[in-house]
Amino acid sequence: MFDYETLRFIWWLLIGVILVVFMISDGFDMGIGCLLPLVARNDDERRIVINSVGAHWEGNQVWLILAGGALFAAWPRVYAAAFSGFYVAMILVLCSLFFRPLAFDYRGKIADARWRKMWDAGLVIGSLVPPVVFGIAFGNLLLGVPFAFTPQLRVEYLGSFWQLLTPFPLLCGLLSLGMVILQGGVWLQLKTVGVIHLRSQLATKRAALLVMLCFLLAGYWLWVGIDGFVLLAQDANGPSNPLMKLVAVLPGAWMNNFVESPVLWIFPLLGFFCPLLTVMAIYRGRPGWGFLMASLMQFGVIFTAGITLFPFVMPSSVSPISSLTLWDSTSSQLTLSIMLVIVLIFLPIVLLYTLWSYYKMWGRMTTETLRRNENELY
């Protein structure tokens, strides 16, 4: 169907698209979880915020599972190296995610303020920790992860969890948190009225400012303060052996792709200006356009990171030759071909039933809605 090089590039694009859809869909329900203590002051208001995503949060989790499955199937070496290096971080994410279904399902079981406050805290933790950790992980990819391959292609991680928490990755974690809060704030603009609507408007404005500042600072930091990786020689159609290439580490090299192809600047421009356009849209009473702009922001930021790294997927800070690229970290050509056929069949189906569910369950959440559906809503 396609040659090996083309298949590898297609799967790089597909994983990027899956990450974007995850940050849009799961991003807004994690965003409302982070905003819960800021925009809701009593139990009715908290129930309105929670039920604004009550019909969708479980379906949104599919994209996280799909992203993990695609990473495992298409980039097994990346999966192995990442889970070796980020093991503690991934366990932290999984443990925090456990709070989300429990909080949604058990919060309303007992009409007790302390009980509900406990599960509200669990929902905040389960919504705040994953985006921060994912952002920190992406930040470490740009710095390089301390791992190496032996001549037998066994991966060895040579760092510790605390080494991941340096200033640049923490900045990326803050950027990721701002992105989901912005998406969640715009969602509340679409789904609520009254005081929650007004408070989420202010939260959206502040999140947009945070995203713009963090994104600008991260870009400048990459340009002047972080050495980038350059692929000097590798066969894009060759076997998936990470030791069969030449790699150099040079100052400012992460900007090379944008210098060589100026048209790619469209992605960082989207990442920087779309938060501003989001705020302009919601203050003009057009939250639908605001949600679109926030979604384009996710697209711009994520693909800016991907293009910056390209063709690297997981650089190594201790053994540059061990760095993983999309040319040497993939499954076999047959595996990629079979998976591509499966994705082309089932991904549109998933998208269609997801959009259908949003269409059928659309409508603003109000106090009257809670009263009419007292026994059905969270």
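Each residue, glycine too, has its Cβ placed from N, Cα and C.
If you look up Swiss-Prot, you'll see 1-8 (among others) marked as topological domain 'Cytoplasmic', on the strength of sequence analysis. DSSP places the residues of the topological domain 'Cytoplasmic' (1-8) in helix, strand and coil in these numbers: 5 helix, 0 strand, 3 coil.
Averaged across the topological domain 'Periplasmic' (29-79), pLDDT in this predicted model comes to 87. The topological domain 'Periplasmic' annotation in Swiss-Prot covers 29-79 (among others) and rests on sequence analysis.
Per Swiss-Prot, the feature topological domain 'Cytoplasmic' maps to 100-122 (among others); the stated evidence is sequence analysis.
Under the heading topological domain 'Periplasmic', Swiss-Prot lists 143-164 (among others), citing sequence analysis as support.
Per Swiss-Prot, the feature topological domain 'Cytoplasmic' maps to 185-205 (among others). Residues 28-29, 31-32, 35, 38-41, 45, 48-49, 52-53, 278-279, 282-283, 287-288, 290-291, 294, 364-366 of the same chain, all 6+ positions outside the topological domain 'Cytoplasmic' (185-205), place their C-beta atoms under 8 angstroms from a C-beta of that stretch.
A Cβ distance under 8 Å defines the sequence-distant neighbours of the topological domain 'Periplasmic' (226-261), meaning residues of its chain 6+ beyond its ends; these are 3-5, 8, 77, 142-144, 149, 151, 153, 168, 268, 307-312, 315, 320-325, 327-332. The topological domain 'Periplasmic' annotation in Swiss-Prot covers 226-261 (among others) and rests on sequence analysis.
Secondary structure counts, DSSP: the topological domain 'Cytoplasmic' (282-291) has 7 helix, 0 strand, 3 coil. The topological domain 'Cytoplasmic' annotation in Swiss-Prot covers 282-291 (among others) and rests on sequence analysis.
Using a Cβ-Cβ cut-off under 8 Å and counting only residues 6 or more beyond its ends in the same chain, the topological domain 'Periplasmic' (312-335) has close neighbours at 4-5, 7-9, 11-12, 73-78, 81-82, 141-149, 158, 229, 231, 234-236, 238-249. Marked as topological domain 'Periplasmic' by Swiss-Prot: 312-335 (among others).
Annotation comment: Swiss-Prot describes 356-378 (among others) as topological domain 'Cytoplasmic', evidence class sequence analysis.
Summarising the annotation, Swiss-Prot assigns transmembrane segment to 9-28 (among others). Listed as Cβ neighbours of the transmembrane segment (9-28) (distance under 8 Å, sequence separation of 6 or more from its ends, same chain) are residues 2, 53, 56-57, 59-61, 63-64, 66-67, 70-71, 74-75, 131, 179-180, 183-184, 186-187, 294-295, 298-299, 302-303, 306, 310, 313, 326, 330, 336, 339-340, 343, 354.
For the transmembrane segment (80-99), the residues of the chain that approach it from at least six positions outside its boundaries are 71, 122-123, 125-126, 128-130, 133-134, 136-137, 140, 145-147, 155-157, 159, 161, 164, 314, 324, judged by C-beta separation under 8 angstroms. Taken from Swiss-Prot, the feature transmembrane segment applies to 80-99 (among others), supported by sequence analysis.
Taking Cβ pairs closer than 8 Å, the transmembrane segment (123-142) reaches residues 27, 29-34, 36-37, 50, 82, 86, 89-90, 92-93, 96-100, 103-104, 107, 164-165, 168-177, 179-180, 218, 222, 226, 254, 305, 308-309, 313-315 in its own chain, all 6 or more past its ends. Taken from Swiss-Prot, the feature transmembrane segment covers 123-142 (among others), and the record attributes it to sequence analysis.
The transmembrane segment annotation in Swiss-Prot covers 165-184 (among others) and rests on sequence analysis.
According to Swiss-Prot, the transmembrane segment annotation covers 206-225 (among others), on the basis of sequence analysis.
Positions annotated as transmembrane segment by Swiss-Prot: 262-281 (among others). Remote same-chain residues near the transmembrane segment (262-281) are listed as 182, 186, 204-205, 207-209, 211-212, 215-216, 219, 287, 289-290, 293-294, 296-297, 299-301, 303-304, 307 (criterion: CB distance under 8 Å, separation of at least six residues from the stretch ends).
The transmembrane segment annotation in Swiss-Prot covers 292-311 (among others) and is backed by sequence analysis.
Taking pairs at least six residues apart, the transmembrane segment (292-311) and the transmembrane segment (206-225) share three or more Cβ pairs below 8 Å and count as touching. Using a Cβ-Cβ cut-off under 8 Å and counting only residues 6 or more beyond its ends in the same chain, the topological domain 'Periplasmic' (143-164) has close neighbours at 77, 80-82, 84-86, 88-89, 136-137, 226, 229, 241-243, 249, 314-320, 322-323.
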